[in-house]
Ligand SMILES: Nc1ncnc2c1ncn2[C@@H]1O[C@H](COP(=O)(O)OP(=O)(O)OP(=O)(O)O)[C@@H](O)[C@H]1O
C-alpha cells in the first residue's frame, strides 16, 4: 500500500507538472490498471482515471470502461519511451505483490485466450456470446460480454467497428489485468507486459518482443535444420597450381549440428574464422565446392524450396533509396504474396509488420532518409511479409550503436520466439547482446569449437580447463580462445565437439515445445500466436499448438539425435487445423498456408505480375531520382540549344557541309553518352538490391531485367525528341516532315543501343569504379570505327570487322542518308563563297557512304544490335547471380 501511495504521489506530482495522465505510464500497482499502453487518442485518460479511482474495496466489481475502450493500434515509440522513462522512476515502487500478480495473470492466460478466441470467432462475437448466455449486452456499446470464472470475471468489449476488442479482467483481489485483442484475434496480455517491465525493464524499449505476434502473416511451417560434415574448399592461386593439387584452401572443416525453430542462434568466431562462408552454406548461397549433408525438417534440402522458405538479410541491407517505407513494403507484398490475396489484405499484413517493427511513423518516409537502425528494421520487415520460417542475418548489428544493436537483437529474438529459426553471424557481441542468444555455434579456423546454449558456454569451457576470468565477457573470452590467444587449442576443442562433449550443454528442450497433444513432428505454425514472456529461459507456449520436438539424445540420424520429422508435406497441410484444434485460437492470418505455394521452387507470383510490379517500381525510381532525371532533361534541352546556336543555320549551306557532318556526328555522340552513362552508373548501384531480392526468391531475373529496361525506355524516346526538335530546326536541316521524323527515329535508336551497352557494362562490372572506367573506354573503338574519323576504305582490312560491330557507324551513316540522301539534290551556296560541296551526293561520297544504301537497313541492323546486346546482358546477369550462389 505504501508503494501505491508513493506511486500516486508521483502521479500527482507529474500531473502537477502539466503532464497529462495519458502520457504517463502508471505502474501496475493494486490500485491502478495496466492499460495505459492503449491508444493515446481515446479512452486512455479515462481508463487511467477510472482505475486510479478504484479502491481495494471494489473486489469483484466489474468495471465498465464505457466508450473509452481502446481503439486499435498502439502508442507511438516516443510515447512508449516516455512511459518507460516514467516507469523507471516507479521501479522502486513495484512490489513483489505486483510481480506475483503478473505471474498469476499469466497462469490465467489460457482461459483468457479461450474467451478471446470465442470473441474472435465472430467479429461481432458479442452477439454470439450473448446468445450463448455468456454475455450481457450493453446498450451503449457494440458488444459487451462477461465470463464468470472462479472468483474472477472477464469483461470483453467490442469497439464501434466491431473489429477490436479490449477485455478487462478482474482478478479476485481486484487487480485489473487488461487483455488487448487486436483484430479480434491477437491476444496481448498487459500483465505479461507488466511482468516484463518488472523484471526486464530495458528490454521493452521498442516493444519489439511483440514481433512474434504477427497474427496476419501467412501460416508457415516451422523449420529445423540439420547439417553434417560440411566442408567448403576454395581455389587459391593459379589454375595451374590447383591442377597440381596445390592452392586449395579448406574454409569449413567438417561442421555438424542442428538449429531449431524458436531459437536465436549466433555463429561466432574471430575474423576469417569462416562465419560468412558457413552462413552462405546454410542458406544455400554457396553450393559449389561445398560438401556435406543438409537436412530440412529431416528431409534432404531442396534448394529451391529452402530458398523460398528462408531469407537472407545481408550486412549492408541495400534498399532502393527513392521508395517510401510503405511503397517498398507493398512491392514486397505484391511480389511475395500470391496474387489472389487482395490489396487490402496485403496492406493489413504490411501494416502489422510495420507497426510491430516500430516503422509505422515512417511509412511515408523515403528509404534514403531512414536511420541505419530503421533501414535494418525495414530490411527485416521486407522479408517478413511472407513469414519465412528461417531467417539468416549476416552481422545484423554491424554499424549500429549499442542501443540500436540491442533493439535489433530484441527484434530477432522475438521473431525467433514466434517459431522461426533465426541464425546470425556476429563478430564480437557485448555481454548484453551475448546473453540474448539461445544457442551458440563458435568457429575457429573453420572448425566448430563450441556448440550449445549460451548459458552452457562458460561451464563447458571450465570443464575443459578454460576458466573465464571474472568480469570478463564470455563472448570475448571464447573469441580469444578461437583466435589462439591462449595457445592453439582449436584442434582439441573441435575434437571434443566432434566427440560429443558439448552435447550436455545443448539446450535439448527448444524454446518451442509442444503443449498440444498432436503427434506430428515439426508442425509448428508460424502465425505469430506464440506467446512468451520474452525471457529466454522461460518461454511459454501455453495454449499454443507448437511442435513436438523430440530432440532426445542418442536417436536420430545426424548429430544430437534429433528425430527427423515426417514428410514436411503432411505437416504443412495440417498446421492451421492443428493450430485451431490445439489451442482454440483461430488463426486470423489474412493469408493462409494454402495460399502460399510452398512446394514449388517457383515464385509466388506470375511473370506478368512480377513484371508489372517491378516496372512500376523502376519507373517510380527513375522519376524520383530527381537529380538524374532533371539533369538528363536539362542537359538535352541546354545542350540542344548550345549546339543549335553553335551550328546555327548551316544545314543547307554547301560551304559548311563539312561542319554540318560534324554537327550530325556530335549529336550522335551526345545521345550516345547521355543514354550510356546514367545506365552504367545506376545499374551497379542497383545490383546489390537485385541480387538480394533474387536470392530471396522475390522474382525471376527475366522479369526484373525486362521491367528495368522497359521502364527506362520512355526516357530514351522523350529525351532525343527534345534534343532533335531543338537542333534540327535551329541548324536548318531539310524542312521535310519525313526526314525530321526519321532523324528523330535514328536518334532514338542510337539512344536505345547506347542504353543497352550501358546495361551490359553496368551488369558486367564488378564495381561502380570499374563501370565508370569501362563505360567511356569501351566507347572509344565504337566511335573510332564509326566512319567519321577514318573512312571505311582507310581502315586496315584486318580491323575492318570492328567497323561492322560499331553501331555508331550505322547510326552515323543512317543520319547522313536521312539528311543528305533520299534525292535531296542541290545544296545552297551563298554568293561570293567557295562551296566545297554543291550537291548532297558529293557530301556522302566524301564520307564513303553510297547513296544507294537504304536507311531501313541501318535501322534493322541497329535493332539487331539492340536485341543481341540485351540478350547478352541478360546472360551476364544470370551468370552474376550464379556466381553469387557459387
Ligand atoms: N572465394 C574465396 N577465395 C579465397 N578465400 C576465401 C574465399 N572466401 C572466403 N575465403 C577465406 O575464407 C576465410 C573465411 O572467410 P569468411 O568471410 O567466411 O570469414 P568471416 O569469419 O565471416 O570473417 P569476417 O568476420 O571478417 O567477415 C577467410 O580467410 C577468407 O579470406
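Note that Cβ sites are derived from N, Cα and C of the backbone, with glycine treated the same way.
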As TrEMBL has it, transmembrane segment corresponds, among 615-632, 633-650, to residues 633-650
According to TrEMBL, which listed range is transmembrane segment: 801-822, 823-844?
-> 801-822
Do any residues of this chain, six or more beyond the ends of the transmembrane segment (633-650), have a C-beta under 8 angstroms from a C-beta of it, and if so which?
-> 656, 659-660, 662-663, 666-667, 670, 674, 719-720, 722-727, 730-732
With the transmembrane segment (740-762) as the reference, which stretch in 662-683, 703-728, 768-789 has the largest tally of C-beta pairs below 8 Å?
-> 662-683
Do any residues of this chain, six or more beyond the ends of the transmembrane segment (662-683), have a C-beta under 8 angstroms from a C-beta of it, and if so which?
-> 625, 628, 632, 635-636, 639, 643, 646-647, 650, 712, 716, 719-720, 723-724, 727, 731, 747, 750-752, 754-755, 757-759, 761-763, 765, 768, 771-772, 774-776, 779, 783, 786, 788, 808, 811-812, 815-816, 819
For the transmembrane segment (703-728), the distant same-chain contacts (Cβ-Cβ under 8 Å, at least six residues beyond its ends) come to 607, 610-615, 617-619, 621-622, 629, 632-633, 636-637, 639-641, 643-644, 647, 663, 667, 670-671, 674-675, 679, 686, 690, 693-694, 740, 743-744, 747-748, 750-752, 755-756, 759, 870, 873-874, 877
Arithmetic mean of per-residue pLDDT over the domain 'ABC transporter' (225-470) | 86
